[in-house]
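One structure is given here, and the rest of the page talks about it.
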Amino acid sequence: MPGATVRLVKLPALLFAIFFLLVAFIHVYASNIEEDVLEGKDISSMVAQGEELVNSRMFTEAKLGRAHAFTGNFKEAERLYSQALSSDPSFAPAHTSLGKLYLYQKETARALQAFEKALELSPGDGDALLGLARLEALQAHQAGGEERLHKAAALYAAAVRTSPADSYESAWFDYGVVLGRLGRHEEAAEKLERAVAMNEEQMNFNMLGQVGPVGGASLSA
């Protein structure tokens, strides 16, 4: 039958056309993948880009939290720090920032927990060590106890051996005050003089008068 013959002739041609299009598609797709790989757009880079977005959001939240803390909006600061930690619970700086926030509000138990968590995640972190030192010094100032002062002095010593705590005038100043309260006057003078030298315009030279027995010397939080 003539009609059947036509269909038989067209069928192989149609299959060939489909096969050709499929091969062409695979070739183009493979070429695109090759170009992406050459341009660094492979799967691993896409995963890295996704992680960067998460990290960017996490750092942004932490920075916003710090801004709110400086303006006295502690509730919002705490929310943002906690939100950053929900993105990455192992983000040690956010734990440290929470510790500073709690310390400033005299929530010593929560501050201790936050600083210890930060050090667990990032052993030797200068900011967390400094936070713990200030916590011990604050408690020694409030409740007394030479043992706490010795512990604070040891923590300050560890903190100022690290970066960025070694660049904080307040760290050296507070360290000097603690040493002065322990009667280690020569060491105290050395630390206080270093704080003065680091920022002569902003630090008051009268602080050197705190080298002697100062009993209730105030500490920056």
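Here the Cβ of each residue, glycine as well, is placed from N, Cα and C on the backbone.
What TrEMBL says about a protein is an automatic prediction, not a curated fact.
In TrEMBL this protein carries:
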| type | residues | note |
| --- | --- | --- |
| REPEAT | 58-91 | repeat 'TPR' |
| REPEAT | 92-125 | repeat 'TPR' |
| REPEAT | 169-202 | repeat 'TPR' |
| SIGNAL | 1-30 | signal peptide |
Number of helical, extended and coil residues in the repeat 'TPR' (169-202), per DSSP: 27 helix, 0 strand, 7 coil
Predicted model, mean pLDDT over the repeat 'TPR' (58-91): 73
